[in-house]
């Protein structure tokens with residue numbers, strides 16, 4: 001289908017014209033200085049700012065046959081908001097660096113902006129895009145930086161889990177990984193290339209899994225609630241529960257024992273599925289759990305494995321073990 | 001030349017191993033929470049944070065035949081530090097998203113880290129890389145976010161220039177553009193593809209121009225000095241003096257009259273050369289100029305052109321005029 005003449009490519013527009021289309025879709029700004037100057041100025045009410053950055057690259061991280069511009073904007077916001085939430089902080093602003101091929105349609109860029117805004121409005125009200133950068137690239141890339149405020153709370157690190165703590169999760173585990181498997185299994189052509197998703201052909205469960213992959217809804221407000229409830233450690237589950245729990249265990253010098261019976265109907269998917277963007281946290285006791293969290297295990301003294309599943313070493317995929325395999329700090 | 005076996009590609013290393021090599025070169029962290037958790041936590045002593053992002057993409061923004069990893073890291077830091085300085089702020093932290101092909105050598109990544117650190121140490125002591133993200137991409141891309149503190153100052157916007165102000169610049173104008181011209185004119189093969197620069201074959205002037213292009217040294221501390229001296233408007237000169245001055249004029253509702261006699265031996269290059277990362281500022285009077293700044297013109301009542309050169313409309317390249325051409329806000 002030939003695009004209508006009202007949908008030029010970004011190569012046919014000036015940077016100012018593209019920016020105008022984006023800004024028109026980002027909504028208002030509560031920043032002290034919002035978009036349009038050399039830099040934004042944001043309130044950091046308690047004298048600290050939380051900052052994280054995460055990039056989605058066409059190819060490894062998303063495919064245009066599978067993700068709309070709206071999906072891409074939403075996911076780029078959501079995965080960064082989750083990292084702010086994982087510190088116990090409230091997201092306050094996004095900065096978005098968008099690198100695009102010249103033949104990208106303006107309507108696609110507008111959808112990205114709409115997805116960014118919608119994710120902020122839905123997941124972290126009060127947070128908005130306050131700055132950014134537009135560049136040309138052969139590879140469509142969106143690099144988002146999220147900023148947040150702890151509002152007087154202590155940041156919740158990965159390193160604070162202690163033996164005797166309970167381990168709990170907020171958000172879904174395994175669905176996003178299942179959504180990716182659906183894309184790979186059912187929406188590729190004979191050559192293995194992605195083809196458009198026929199959303200109408202999906203049952204409710206599959207549609208939910210696909211949504212978890214393409215447009216994740218991490219439990220942002222639950223991160224602040226966990227901090228208020230005395231969480232001793234917290235992190236975003238982005239690479240699968242076993243792998244991320246092993247990182248928390250390594251940082252804390254403990255072993256985390258996961259009870260697979262608490263992982264629902266598909267414990268294997270929950271243990272290893274990536275891109276959940278759930279929150280994994282340790283709490284002093286099961287009595288103190290805030291709404292949104294459910295117990296999935298416990299912290300024990302450091303043993304020979306970082307993570308146990310039902311008391312035993314986990315041998316399945318994703319059973320990477322920092323006590324055995326770690327070759328550098330930081331993960 | 002076959003790389004030595006001690007220089008693996010990033011595709012041959014785990015993410016943790018790459019990160020370890022990077023962190024070892026970034027130096028210490030003064031952050032409240034530095035690299036290694038879901039997000040960094042940084043001091044924002046006066047309750048505000050300044051934030052900006054700028055991306056360098058292989059192809060449009062740099063070429064590997066011309067830029068070393070060190071150059072790339074240096075420039076990615078410098079251009080972002082300049083945007084913080086342009087608000088009158090002190091850079092406090094960088095977040096770096098590095099997207100790399102799998103065949104990128106580990107030594108190259110180490111050089112990028114060394115360049116990032118060296119630029120911070122040289123231009124903005126106390127600022128360091130406090131977070132980041134590593135991803136795979138077909139297109140080498142470095143997206144940097146810089147954060148800064150105003151330390152109680154009011155941010156200096158583009159919009160505060162008033163008739164009667166003097167217009168001044170800190171930093172070099174035109175050299176970076178001349179450096180780019182040297183690369184295009186003298187370091188491409190018959191097919192127009194970049195070839196390695198023979199630095200030994202360059203005279204002092206050309207070497208300095210090339211350094212201004214590949215490893216710019218924006219006058220970061222002068223931004224704070226300008227704010228302290230009462231600058232009414234300030235911005236980073238990244239797209240050429242005439243174009244950026246016209247943006248300041250448009251934001252301020254004034255006309256800026258540039259005196260070409262103050263631009264040194266090559267006024268045309270100074271008027272239109274890009275990537276200077278000098279600071280353009282307006283001050284109430286020439287008496288109040290801080291060290292580092294020199295007067296190059298004056299602010300007059302808004303006329304029919306945003307920028308004048310020697311009292312007349314500027315007809316040369318870069319003579320883009322927001323009063324005539326502007327098709328959107330912000331750009």
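Going from the start of the chain as shown, residues are counted 1 onward.
Even glycines carry a Cβ here, placed using N, Cα and C.
Here is what TrEMBL says about this protein:
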- B:36-149: domain 'PurM-like N-terminal' (DOMAIN)
- B:38, B:52, B:83: Mg(2+) 4 binding site (BINDING)
- B:38, B:83, B:236: Mg(2+) 3 binding site (BINDING)
- B:53, B:54, B:133: Mg(2+) 1 binding site (BINDING)
- B:54, B:83: Mg(2+) 2 binding site (BINDING)
- B:61, B:275, B:320: substrate binding site (BINDING)
- B:132, B:133, B:158, B:238: ATP binding site (BINDING)
- B:239: Mg(2+) 5 binding site (BINDING)
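Features as recorded by TrEMBL, highlighted on the structure.
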residue : record                : Cβ contacts under 8 Å, 6 or more apart
B:38    : Mg(2+) 4 binding site : none
B:52    : Mg(2+) 4 binding site : B:80, B:83, B:84, B:145, B:146
B:53    : Mg(2+) 1 binding site : B:80, B:143, B:144, B:145, B:146
B:54    : Mg(2+) 1 binding site : B:76, B:79, B:80, B:83, B:143, B:144, B:146
B:132   : ATP binding site      : B:22, B:35, B:95, B:96, B:97, B:98
B:158   : ATP binding site      : B:233, B:234, B:235, B:247, B:248, B:251, B:252
B:236   : Mg(2+) 3 binding site : B:82, B:83, B:85, B:86, B:218, B:244, B:277, B:278, B:279, B:280
B:238   : ATP binding site      : B:79, B:82, B:244, B:274, B:275, B:276, B:277
Residue with minimal Cβ packing [other Cβ atoms within 10 Å] among the binding-site residues B:83, B:133: B:133
Among B:239, B:275, the most crowded of the binding-site residues [Cβ within 10 Å]: B:275
Binding-site residues in contact range of chain A, given that the Cβ distance is under 8 Å, out of B:158, B:238, B:239, B:275: B:158
Maximum Cα-Cα separation in Å among residues B:132, B:133, B:158, B:238, which the record lists as binding ATP: 31
List of residues, in chain order, with Cβ under 8 A from that of residue B:61 (substrate binding site) and at least 6 apart: B:55
Residue B:133 (Mg(2+) 1 binding site) and the residue listed as 'Mg(2+) 5 binding site', distance between Cα atoms, whole Å: 28
Collapsed DSSP category at residue B:132 (ATP binding site): strand
Three-state composition of the domain 'PurM-like N-terminal' (B:36-149), taking helix and strand from DSSP: 35 helix, 47 strand, 32 coil
Where residue B:236 (Mg(2+) 3 binding site) falls in three-state DSSP terms: strand
Structural state of residue B:275 (substrate binding site), classified by DSSP into three states: coil
